[in-house]
Structure formats: structure tokens, C-alpha cells
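Undergrad: Here it is: the structure, laid out below.
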């Protein structure tokens, strides 16, 4: 115990440091905020006020008539009003969009004017909003109270207290069950990492509004449940295991002793290097970047780049046509909500020490506001890479590359999606998506490949005894309302063709020639481009739950509207084919993919020619904490 | 001046710190090293000994018979001998390969046994080795002494002292000039950044052995020479310019107060985390990674991954068929040498502060050894990214991603190529290539696009007045002799097809199915795969200068040899199409591309499940240097 004593002063110092760090990073108390920008998200008080308006709204005021609230979010002012607004101007009237649901089958889309406390519009569109936590709990409870479902569990030696269940969206396959709001419940044997212990083949198809099991499907009583040995990835468990045969790594830290170089004005306007943009959490999209602008390095003029950008939809189809799997064609944003599925980021590990965190305020099912802390982090990154360089015998010049990263991490059930918006000093915006979490796995009787009959398709990889990692894809569609030097833009496509030279023209037989053209209409744009339309934001549709695909990017764009020199929206879909492998078990090493929005002939010349190099005096003096 | 006084003690401290840092980073004196691994590069003393052997070698001993030395490098022992060698065993006999040239037309390939001092083999292959510095100087001097060339310069108001010239490889186009060793000399008006002031259309075709100008081509007397205004990218110049309209960025530093986690044994064997590999500079390839192995996290067994990997060739064709440009189809590694074109890395800027540097020993044209310091850097990277994570309401776990980067940066004339080999704890090897430096530009009479006649193809982009950035490609072919758990491997290809379901099989109409096959012969391998052959290392041929393409990956592979369960080599070509833009002027913001070698069903499970998270006590306490 003596060895603990020298630690005491350090512990005290540590507490002080933690306090200082926490003091430094904490935003002003979120409950007292007032909006200061037309795009600022609804505040705690505003959501509370909206709830009061809804409670006294006549259609909802009778007993048991209050609907389930699925989301309450800012109804953004018209784009032209936002573009004309200047700091100091009064805010345009604050309005909210409420998505609510009254069983059975009544989806509400309500527009509320906060200053007047009035409901401006109320419609009942077709389709269902994303599931609430209450929907999920009710679906699972319904399954676990069903005698037939319990019998199937009992047949496997399990009771309802031995399982963790998942509320799965059913997709839409045109069956007779589609007339009501369905959740398919599948369960896992309880464990810290229950996802790897599927109770294979057992599905309860639940009418979530009626709290009734419509049908039980059980095709897998003979399939053993994996023991899930050593799948608990928590450090509290793993620290007690013998070390692996790897030399330990001394921590490497991003240190910025001068403090951050960004300024955050009124909680949501970020200014860094030549960039300025508005940033907010969103219950559906996760994070939304708006009004991204930068100052021209030569003229000092503010130049618009993007009016708004966010992850619009995420499509995750699994590639197994069997009864328990065919419907797994998730549209995670629209069916579960990317923002509400995001847990607080893990400080020091999800984001580096120099990160600032932004909280979210969302609405609970009863319409009351709640705070989800640390939903977004913002940090400056240096990874040892080079912004530009050149060396020759008497000149050696290089510049460090420092960028600003905005990060969210959604955990939609088993899977984790880290979405980064990275702003570079050279004008590039890079969007990177990193995947981790657990595979959605399928139980099997097979323990090794020699047991699999010739020609049988496992639809995946046998990643350990009795467990198949099922092949699947992830497609993230990003909405990017580009306003490059103003709202009206055109979409130019460039590609290269082989050009043969004429006889005698050149000793060279051929070369690559650049061919460019401007897309006139939507169908010309191979990468999707649509004219701006406030109602066209969600690539899979506004209400995608059991949706029929009639309100999607594909259907809008089918109108083939003109897109030349118009206010246009660019859609980019970033995809992953995931053929699982043993290394993905029990938790997946991160896999990333990215795309870049790059300025091309936007600046007159390299905008970072004058960036200074690092010298030794610029860098901090550091020591180990234990040496203090 | 008073303000300087407080800086004095800091300056003294700074000097001390610099001294300490420099002391810490310096390798043992390179001159005294002895090789300790069969793959260690030739030492200073060994190269000096080889020169002595060559000087007394009868064919070279007569006056004026000593050839120009183009390279002296280790002739690596046979692979099986290297694989059997264990630390402590005596080294296999040290042998060297000398590439030399006696004008006119005699290329020498000489194998020397160091212990015996004997020349083992001496052949005179066809083709020319990469240019020496002396070749380049002679070619330029020849052009600048040519009266007709001088007359063309004079006609533009320039003399030979007003220009910087480039020694350009002529490619091979089957013309009558190809019987001798050619260099095409083109010049630029002198300036710190002369590359942006081309003297367009003027080319001297030089017989470099005869030191004779064969022909002058001048198609551009009417084309003005750009003033190259504000193109000097040196900080010493730019620091005096007015600041751009960007908020300054506080430095972010990678700090690792516990010191590096890697061990470097005998200068060339790197051990980090579960990895071990041999690393050395190479005059042609830049850097060579050999015997990459890692310890299995469960068994502790050392498992082989790659016997050897390096950048084999770089092809940079420009896409302009005109007289002054058609021949610009550079094979930079084989024509100039990627290693000898690498200048010392710029400390703190090309690599972060926590980097270790490795020097190279190369041979000068007279065969004597010289040291090129800081040719490779090695550092541990943390950029705020996540190695794996998962969050759910009562579990939030994330792990920081730390990697080991090995970097070189070649400056082949105007262009800079940063090549990174990044080793990850999850078993991935990522190869990343980043491009910077100056564009190779073409002078033009046009100052803006409105002057360009309809239908005229500029073969590039008018990036500023009178300057076209010519369209070009960069293709880097990497040689990777994979030895996954041993030399004999097979190459399996996987792709996905759309599989329609049978009627009644599933509510799902189709799904993606994975189809895999093992390539039996070279032609089955769409990505190039060849059986290991010590003489097949350079994708464009061993002697590519004016080469005819008869010793290339394409010709070897045309034999369609068997590659199943054989010792095979994987070739990956990473490419960039570069359509220049204004932002590339005067120096190009870095552009990157990468590929990964990823373990798939190699480990039994995630090898980094037990990695610890960061906690506050793991991270350093830092302060600004000025606050000391």
C-alpha cells in the first residue's frame, strides 16, 4: 500500500487538472441558451414551450389523445431569409416541425410558430416516422409476453430474463402484414456482448401499435447458441486477461498548448483559419453543417461554399434471402434516427484531448426536452502529414498539415458509424465515415468449413464456431446543398478519353484528353444532382419506415428537372461492401472511406502559400504526468 | 531592442534543447557501422572497398577506362538463405551489384564478392541505367555551350547565365536519334521558383556521351516567359508579405513523452507493437521494407507477412502530343532514381517532432561513398482516429488508433512524392503516396480563356497568364513479395454479383453474392501477380532509360506462368489523373492516394481487443516554450 502514497499529490493535481479541463471544455449551461442564429437548433426552453403548445392544441387535448412525439426540430427559415440575415439582425420567427404519431396509423406533421404559440399547419402524411424508444420497448415487451415466443425460448433452455432483444425494422416487401406498423423482434442470449449470441431463426412479427404478436417464425431450434467466449470488449474485463504478445505503445497525444485556434460564437458558429460555418446536432441526421464559407486569401472577401450538408440516409442491406434475414435492409437514419442513436462521445478516445464537445437537445416521446451531452466533438488535427513541400539542393521547404475535424458517432444497434467533416486550409472539405461495433451475425450448426456441403452458400463467412458474419453493404447518402459563390451553380462532369494522334502529327500515338460537359437536367448528372427543394432532403424519403419508395431521390430526380445555373443540391453516396472476416470478431477494427469536395479554379492560386513552417519554439515542452 | 532581452535565456535553453534533440535523434556515426543483417545496405566502408576492387579490376584499370558508376547496392543473398538466417548467425557473404557505364553504349552489370574482393560476374546488358548527376550536368553544359541554342536564348533576351535547365529523359519513340544516349534539355528563366518560367518550345537534343547537340527544336519564340510573380514559396520570402485573411493556427504537436515505442536494432530492424521488419534506403526505390512479420496475439508465434516491398516504378506521362511535350513520359525511378532524388527530410515539417531519421549511403559517379542524411523518417502517429469503438446506454468503449509510419520524400525535378508505409496494430499495412512540388507547365501566348479559339485543345488548364498546367498522370507500381505464413501463397480474387432468388424462395427479389476464385496462372490475376524471380523487380525494366519495353512486368507476365501455391509477388499500381487547377500554382497543396494490405481470416479474431484506452494520466503535461 505504501506505493500509493506518492500518488496522492498527483491525484490531487489530477483532479485539479480535470476540473480545469472540464471547466475549459464545458459550454455555457445549455438550459439557459437563447438562439442567436436563424439556423440554431431548438433550445431546451423552446422544446418545452412547444410541448405546452401541443398539450393545449385541441386535437391532442382530450384524454389519451396526446400523440407519441417522434421528433421536434427547427423548421428552418426560407433559405433567402437566412442568406439575408446578418449578426445583430432580429431572428426570423422561430418555427418548429413536430413529427408525431397516434396509433393506429396516424402520422402527424405539425408546424408550430413559437412567437404566437400557434399551430400553422397540421397534416397526416402517409408513412411512419422513425421508431421511438417507447416503440422499441413496447415491441420487445410484446414479444417477450407472447406464450408462443416464450415457448420457443424455453425450448432452447432460455427464459425471457435470459435474453436481450432487438427491435428490427421490417423493410417493405408488399406482404399482407404491411397494413400495420410492424417491428420484427429477434433476441440474443444475455451477455455483455449479446450481439454475438444470436437465438437464430426465431422472429416475432409484432404489431407495435396493438402490442400484438402477429406471427412467430422459428426456423432455427436446432442451431446452437454461441457461448460468446471472450467477446466482452470492455476494458474492465480485458485488463484482467493475459497481455497479448505485443510491445506496449507509449501514448501519443495531440497537444496544442496555445489553446484551440477556432472560435465558437454563440455555441454554433465555428470560425477556424479562413473557414466559418454553422454546426448543430440533429435528431435524424446526427450533425448538420450550414453556411460553410471561407475568406478569399487575396481579397479578404467571404465566399460561400455550401449552404448545408449532412448524412441524409444510410442503407444497410444484408445479403441473405432466408426467412430470418431477407428483410434486413435497414434505412438507419429514417428508421432509427442517426442523431438520437448517438451516445455521448468517449472523451480522450473517440476524440483527442484537445477536442471541444457540443451537446444536443432532443425531444422525448412525451415531447419534453432532454440533453444528450457530447454528441459532437470538434478538434484540430495534425497527424504528421504535409500541406505542401518541395526540396532541391539549396531549397527545402515543407509545411505541416493541420485540419479541423467535426465528429459524431452513431450507434445504430450493433453498428457504429463515425462521421467526420474535415475542413482543410487548402479549401478542401473531406467527409470520412468509419465503421466499427459488432457484426450482425447468424447462428449456424457448422463449426468449421469442412462441415459445409459442397455448393451451399453461407451468405457470409464462418467467423468462429457456430457464427456466420453475413455479407452486407453500407451506403451513406450525403446531402450537400452547394452554394459556390452564391446559390446558382451548375454541375460540370469531366472524364478522360484516349485520343489517337493523326498520322505525322506526333511521335506519340495517343494521349489522354479531358472531356467536360455541363449537366443540363437531372438525368445528365450521373452523380445525383437535384434542384434545391426544401421538401427533398431525405434520400430514402421523409417517412421511410415501411415506406414504398415513392418519396425518394430516385423518384424526385425522375422528373428530370433543369439543373443548369440553378440552386442545386449534390448527393454523394459513399459505400462499403462488407464481407466479414475473423478479425471482425468480437468487435470490428475501424474501416474507413471518404470523399472530398475540392476547390478547382476557385482560388486564383494556392491559398496556403504563406502558411508558416513549424520551428522548435512553436512546439510545446511536455513531461509525463507522473514526473510532476 | 529591449524586447529582445528576455529572449536570451530562452535562446540559450533552446540551443540546449536543440542539442539534446539532435543528440537523441542522431544515429551512431554512420561511417563506423558494420552490417549485422543479411539485408543491411552496403556500408560506407563496404562501398569504399568496392571502389578499390573496381579501380584495380583489369578491364577498368587502364587510364580513362574507369566507368561512370551509376549505383552500387547490396546484391541480396538468396531468399532461402535470408529466411534461414537467425540473429547471431554469421552473415552470408556480402556481395554487391554495380551498375556502371562506359561511353558510348556500354552498360556494365557487375557482381562483386566482398570477402574475396573478386568480381564474380560482369555482363554488358542492353539499355541504359539511370542518369548520374554528372550526366545531367554534362547534358546541360552541352546545350548551353551550343551556339544555336544560345542564339535561341538570346532571341528571347536571355543568356546562359539567366537560365536554369532540366535534363529530361527522351522516352523511346523509335526515331533515328535513339542509337545514342539522349538527354533533352529544356530551360527556365532563372528565379527561386524557375519551374514556373518555362522558355517554351526550345529543346536541345543532346548526345550526352559525345557531349554534342544533335538537334535544336525551337517552336516557341513568340511565347512570352512568365514573370513568375510571387511564386517564391520559401518562408524567408513569404514571411515578409502581408498576412492572408485567415485566422492564425496555434501549433498542434504529436507528443510522446514516454519516448518512442519502437526499438531499432542495429540501425535497420524495426520492432513496434506486434510488428518487426527490416528497413533500408535504396538508391533506386527510395526505401525498402523487408521481412515484415508480426507476432500472433494468441500464440505468440512470429508470422511472416511480406518478404519485401518497395516502389518499383513511377510512370508520369504528359498528355500533350506537341514537339516539346510528346516525349514527356517519365519513368522516374528507372530514369532518375527515387532514392538518389530524395533530399534530406525537413525536420518538424516533413515529419513530426517525434520522428527518428535514417541516413543513406550511396555511391557517387566515381564510385566513392557519400552520406545522404535523413532520407527516411519513422514515427508513431495518432491523429484522433479510433481503432475500434462501441457505445450503447451502459457501455461506452473506444480505443485510440496509433500507427507507425515510415516515410521518404523524393523530389524528381519539379515534383515531390511522399511515400508512406504505415503499419497498424490491427495488422493492416497501408501504403500512401502524397504529391506536391511544382507543376511542369507550358508557356502560352494566352492570358485568359476568351483568347483561346473555339475547339483548340490546350492539353491542360490555363492556370495563370501565359501558363498552362499540362494534364498528366502518375502511376506508381509497388512490388510486394508477399510471404503470408511462408513463401508459398495463392492469389484469391473476390467479387460480388447480383443473385436473383427463385420464385417463392424469399420475399426478397435479389441479393449480392460473393464469388471467389484462385488465380491459377498470371493471366488469371487481374491485379498483376508473378512468380517470384530475383531478376523481376522493376516493373518498367531494369534499364528503362530509352528502353524498348522488352523487360517489363507486362512481358514477364505474358509467359502466363503458374502462380497457385507458389512463392508469388503482388504488384499494385496506384494512379493519379492530374488535371491541373489554379490552386496548384505556384506550389501544389498535397494530394494523396493509398491502398491497404489487410489481414482477412489471418488472425483468429480481432488482434487488438486488449488494447487499453487512453486515460488522463497517460497523457503528457505540456506548456508553451516561452512560459519556461
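Note: Cβ is positioned from N, Cα and C throughout, glycine not excepted.
Per TrEMBL, the feature signal peptide maps to B:1-25. Positions annotated as domain 'Copper amine oxidase N2-terminal' by TrEMBL: B:37-123. The domain 'Copper amine oxidase N3-terminal' annotation in TrEMBL covers B:129-224. What TrEMBL records for B:255-526 is domain 'Copper amine oxidase catalytic'. TrEMBL lists B:332 with the feature active site, proton acceptor. The active site, schiff-base intermediate with substrate feature in TrEMBL is assigned to B:415. Per TrEMBL, 2',4',5'-topaquinone is recorded for B:415.
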Undergrad: I need the CA-to-CA distance for residue B:415 (active site, schiff-base intermediate with substrate) versus residue B:332 (active site, proton acceptor), whole Å please.
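TA: So the Cα of residue B:332 (active site, proton acceptor) lies 10 Å away from that of residue B:415 (active site, schiff-base intermediate with substrate).
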Undergrad: Using DSSP, tally how many residues of the domain 'Copper amine oxidase N2-terminal' (B:37-123) sit in helix, strand and coil.
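TA: Helix/strand/coil tally for the domain 'Copper amine oxidase N2-terminal' (B:37-123): 22 helix, 29 strand, 36 coil.
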Undergrad: Mean pLDDT for the domain 'Copper amine oxidase catalytic' (B:255-526), rounded to an integer?
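TA: Averaged over the domain 'Copper amine oxidase catalytic' (B:255-526), per-residue pLDDT gives 97.
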Undergrad: Near the residue listed as 'active site, proton acceptor', which residues of its chain come within a Cβ-Cβ distance under 8 Å, counting only those 6 or more away in sequence?
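TA: Residues satisfying the criterion: B:313, B:314, B:315, B:316, B:338, B:341, B:410, B:412, B:415, B:417.
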Undergrad: Indicate whether residue B:415 (active site, schiff-base intermediate with substrate) is helix, strand or coil by DSSP.
TA: strand
Undergrad: Counting every protein chain present, what is the number of Cβ atoms, excluding its own, within 10 Å of the Cβ of the residue listed as 'active site, schiff-base intermediate with substrate'?
TA: 24
Undergrad: For the domain 'Copper amine oxidase N3-terminal' (B:129-224), give the DSSP counts of helix residues, strand residues and coil residues.
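TA: The composition, in the requested order, is 31 helix, 28 strand, 37 coil.
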Undergrad: Please state whether DSSP places residue B:332 (active site, proton acceptor) in a helix, a strand or coil.
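TA: In the DSSP reduction, residue B:332 (active site, proton acceptor) maps to helix.
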